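Notes follow once the structure below has been shown.
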Amino acid sequence: MICEEAYHQQPQIQKEQMMTMDQRNNHQRKRSPLSSPSSPSSPSSPSSPKSPSFNNNEEERLEVVNLSGMALESLPNPSLNLAQICKLDLSNNHLQTIPESLTARLLNLIALDVHSNQIKALPNSIGCLSKLKTLNVSGNFLVSFPKSIQHCRSLEELNANFNKLIRLPDSIGFELTNLRKLSINSNKLISLPISITHLTSLRVLDARLNCLMILPDDLENLINLEILNVSQNFQYLSALPSSIGLLMNLIELDVSYNKITVLPESIGCMRRLRKLSVEGNPLVSPPIEVMEQNLQVVREYLTQKMNGGSPRSPSKKKSWGFGKLVKYGTFNGGSRSWNREEREGFIMPEYRSIDSLASPRYSGMFSPRRLFSPRTYFSR
């Protein structure tokens, strides 16, 4: 078992040190680099909630540990029982690895944030985090996930934006059935595993800014999906599967800045769809005079075509397109305005290139990893 092996990798002297520290904590809690700054004399403090009793029928205090932005290159020895930590923030440091022995002992961890570090691989013992609900590993150098991540069956949000991922585990969708939000934008993914269509709890899938060449065929199995963003795969993504129109709960679909020439006729069946973004594609069907109209007109055109009819195009109006690269195509299904929070942080039509942020003028002021990896997971 990975968890047991990782635990026994600890040097004996460190185990004795941990036992001594835990005994001290029975009498008084001491501040340390890995302890919460809250005082034991204030049990109502928001950083020290009481937890339900554990198997030993003793109430223990669950801790929120924040070591963000401390320029850490390695982790200090903990001075409290690691099983007491429920939220751990190690973001914005210089960490290159996460010790196997650390994750193996974080038995009650529900949120782990290591974004904006230099981590190249996650430990295999990540699979020991059976209670983990939120994992933010964005802004690192990950090429792949360990297969053991499939054992994090409580996981609800996974943020792996701004890495170097070239693939996801083949079985990731078979095990992470509680996953509600998957953010994997700004990587090097060529395809998504077929098992991803088994994520029946998934509500948000953000796979923009990759190298996706194809999407899985059985997308209709994502019965709760509300937001799908596969934009800005540029010359790689040239077609959408017809099953995309069977996503009956989809509200927002962004396929902008790809190489798509034909929209599937099944999109006409998407009655809950309120926003469709297709700008930056060399679309041929529907024709430009249809795409210049509202979403309802586009839906009716595709429905008529699917039913074998001969859809009539609206009278041609002034084009917003430039050559074959169409700039039209973001349709709102209603008059309601969508604020940035409701868009889940996606890059919408007001997209601007982040290349300019690399200029000397902005050196040290902005980091794309930090800009697109907001620390929102540790609000209580």
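Please read every residue number as a count from 1 along the shown chain.
Cβ atoms are placed via backbone N, Cα and C, with glycine included.
The structure displayed is predicted, hence computed values, not measured ones.
Annotation source Swiss-Prot lists region 'Disordered' at 1-57. Residues or ranges marked as compositional bias 'Polar residues' in Swiss-Prot: 9-23. The feature repeat 'LRR 1' is assigned by Swiss-Prot to 59-82. Under the heading repeat 'LRR 2', Swiss-Prot lists 83-105. The repeat 'LRR 3' annotation in Swiss-Prot covers 107-129. What Swiss-Prot records for 130-152 is repeat 'LRR 4'. Residues annotated as repeat 'LRR 5' in Swiss-Prot: 154-176. Annotation comment: Swiss-Prot describes 177-199 as repeat 'LRR 6'. Per Swiss-Prot, repeat 'LRR 7' is recorded for 201-222. The repeat 'LRR 8' annotation in Swiss-Prot covers 223-247. Marked as repeat 'LRR 9' by Swiss-Prot: 248-271. Annotated repeat 'LRR 10' per Swiss-Prot: 273-293, in sequence order. Taken from Swiss-Prot, the feature motif 'GVYW' applies to 298-301.
For the repeat 'LRR 5' (154-176), the residues of the chain that approach it from at least six positions outside its boundaries are 110, 115, 130-147, 182-199, 201, 206, 368-369, 372-373, 377, judged by C-beta separation under 8 angstroms. Taken through DSSP, the repeat 'LRR 4' (130-152) splits into 5 helix, 3 strand, 15 coil.
For the repeat 'LRR 8' (223-247), DSSP puts the residue distribution at 5 helix, 3 strand, 17 coil.
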